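Asker: According to TrEMBL:
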- 7-27: transmembrane segment (TRANSMEM)
- 82-100: transmembrane segment (TRANSMEM)
- 112-132: transmembrane segment (TRANSMEM)
- 144-166: transmembrane segment (TRANSMEM)
- 186-203: transmembrane segment (TRANSMEM)
- 402-538: domain 'GGDEF' (DOMAIN)
- 546-798: domain 'EAL' (DOMAIN)
- 801-834: region 'Disordered' (REGION)
Amino acid sequence: MHWLKPLVYSIAALASVVMGLAVWQAWPGWQPGWQPALLVLFVALLQWAEINGRIRSTTVSLAPTSVAGLVCVIYARPSAAVVYACMGALIGKWLFKRQPAIKAIFNASKETLAVAAAVVVAHGLGFVPISLGPESRGVTPADIVAICAAAGAYALVEEVLGAPVLSIAGRLSMRHILMANLDIRYVVRLGALAAAVAMYLILLQSDVLLLAMPLLVYGIHLGTAMRIRTRSERETWQRLSRATDEFNSVDFDGVLRTAVIRAAELFSVHEVEVEVKQPPRLVRGDANDVLYDGPPAGAPASSGQAISIDLTTSADVASLGELRLLIHGGQITLSERENYTLSTFAAALRTAIRNATTFTETKRLSEINARAAAIDPLTELANRRKLTVYGEQVLATRPPNGVTALLLIDLNHFKEINDTLGHSAGDQVLVESARRLKATAQPDDLVARLGGDEFAILLVGLPAPALALSRAHGLLACLNPPMEVDGVRVSVEASGGVAVASSDGPGKRTVEELLRRADVAMYQAKRNGQRVVTFEQSRDTADVNMLSLGGEISRGIANKEFVVNFQPIVDLGTGDAVGAEALTRWSHPQHGDLAPNRFLDSIERSGQLGPFTEEVLDQALCAATVWADAGFEMPVSVNVTPRSLLDATFPDMVERQLSGREELAANLVIELTESVTLSQLEVVDDVLSRLRGLGLQLALDDFGTGYSSLATLARVPVQELKIDRSFVAAMDAPTETAVVRSTIELGRSLGLTVVAEGVESERQRAKLWEFGCPLAQGHLFAKPMPLAKLMTLLKAGPGGKPGRLAEPLHETGSVIRIPPSRRARGSQQAAEGS
């Protein structure tokens, strides 16, 4: 910038010399008249007819002033033409346009020198101005050539003088200045040349036609200006479109880089910076590259004008950031179109930042989740999932890269460390054990923690199967040295089982099978007091037939192989059937009828528990509809496994089955198995609550055999208790009798219905009746049977009374059952009282 004023003053000095010479030559023969005044005024007025642009902080004007200058050359004496052009430029720039003095002096000097060059070229080619020629003369090609040459000289001087000044003022290269809007500039110059030639042809007719010159030139100017502005706007929107298209990226760094470079190009400013708030970051750059990328506090100070636009909208919770256009060495005001373009660019940038931020955060969370899904958080080892994935990839390699084996390690007496030193000490032992195992394993081996104190090491690339046992001993040996835990030296013992991958049958070459075999071998080592044992087929006691059932369950459900039989529940006093329990059998094509204890575990492991339960529930509700239509209003009881209560979608499935037969809800009893502790998880409470909300009843099956029967009864909103058959069968013993009696009394005090299971004799029936038990089921009354057989039995009835399955104990009287509504209230009050 320090070269700008010296350059301008040098150009002004040269122009002053030329102007002085022109005045000296023109003065002796100068005669006043209206023509000189009109030419000066014409030059001055054309300074207003500008098409303004901007290169960074410098305003660039494209005006048809060359028309006025060329008209001066065409009409006036050579020296007078220079004087008229200089005076008109000074008046127009300084007085009319109110430009700063240095800028007005530069523009007037440039105009003076350009007209002087045009005069020299025109008269050098023999051109005679109209004011000096004969009153009547024709148009010659030489005149047109001279005018065109003069216009070229004029344009050349303007470019040569203007480019260095604009380059210094805008801090741009000369090439950039010369190439910027090159086509637009020459469209303007060609228009000016056409206007000058037209004026020459007009003025040949009469001097008076000088008065028409402003109107002609201004008309040409309006047409050119309109085309230029239309083209400029189109190119601006095209550049904006290209810039915003580049925002279609989810790369946050790429979005910010594109923003600063494209904005600097689009708005022709020195630099652009984008500051984002979360995380704090500032990116600054020019039209060529990024100049700074880092924390806002560390960015170099910027000088000059800054035009800012907030990237945050009212819909944003927190501040998003800011876009700034930086202009050095001057002040500018954006046009209305530039402001609108800036707003559009900022909106596109805002959306791009949001999208990139969202993608970056999603990717970060995905990586965290992927790591969490594959890494044990305590030991930083692989978990079971990663072991399975990696192991399956290794085992799928064909041909295998050596022998693959799996070592399963269990830390002996680890519970004692937890109980004695605390869980924090136990965690330290696990972390140190993991570190040692990982350090001892080979680079291609995978060390994983399966959970608790169990570790697994996938041994890959073994030259021979026999080396698996040797490697296993080495890995276990690394755990021998005592560990320092909270100032206490702890010795850790471990047992291990090794399974070598083989191809001795379908499903044998899988990670799950290796884990199962290694587990069998590890417990063999524990039983025998050995450190590590290799799996042997002869020691595998797994029931292959039962394992194969897991793969057949889906087919069994689809083929309706699971058949529901029904065992009636009877009023002990009257002998009438008052309900029925659904009991499922698997009518297997190869293995025959299978009892539930033969296939339930397989169903739970297979992931088919939901479809199986839905099938059983559907058959039970269909049966309840059949006997209700026959006039027997009695509920149907369906057993569900504890795992169903951990499934949040289980109530939805029940509701789906009740859809269209809602009247059966009150006659549906869901039996919960009490032989295992019902989970205290919130999901179980939610499932039970939603089941009760459907209007059905809950029963606690096998009561008295669980780990915490009374605690379960107080927490679970049941309406029915079922005494386990083992207590009924042993009622002759004092202890079992006490259990049965106390259970019946407990049920009555809580307003619950009590059902005794496994009643086989009239003696048991009478005794239960004596204790106050209202209902029972067992072979004394009926064995489980298909629905058709049950309906035949109910319709016949002993003594011809439908629904009666046994003779009444007394001709009159029976135990009065409490209605379900009172049972629910009694259960709730009991729970609240507990």
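Heads up, the Cβ atoms here are built off N, Cα and C, so glycines get one too.
Any TrEMBL annotation is an automated prediction that lacks curation.
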Asker: Under 8 Å between C-beta atoms and at least six residues away from its ends: which parts of the chain pack against the transmembrane segment (112-132)?
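Answerer: The answer is 11, 14-15, 18-19, 22, 35, 66, 69-70, 72-78, 81-82, 85-86, 89, 142-143, 145-147, 149-158, 161, 200, 203-204, 207.
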Asker: For the domain 'GGDEF' (402-538), what are the DSSP-based totals of helix, strand and coil residues?
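Answerer: When I sort the residues of the domain 'GGDEF' (402-538) into the three classes, I find 57 helix, 42 strand, 38 coil.
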Asker: Taking all residues of the domain 'EAL' (546-798) together, what is their mean pLDDT?
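Answerer: So the average pLDDT across the domain 'EAL' (546-798) works out to 87.
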Asker: By a Cβ-Cβ criterion of under 8 Å, what residues six or more beyond either terminus of the transmembrane segment (144-166) are in contact with it?
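Answerer: Same-chain contacts beyond the flanks: 4, 7-8, 11, 55, 58, 60, 66, 69-70, 73-74, 106, 109-110, 113-115, 117-122, 125-127, 172, 174, 177-178, 189, 192-193, 196-197, 200.
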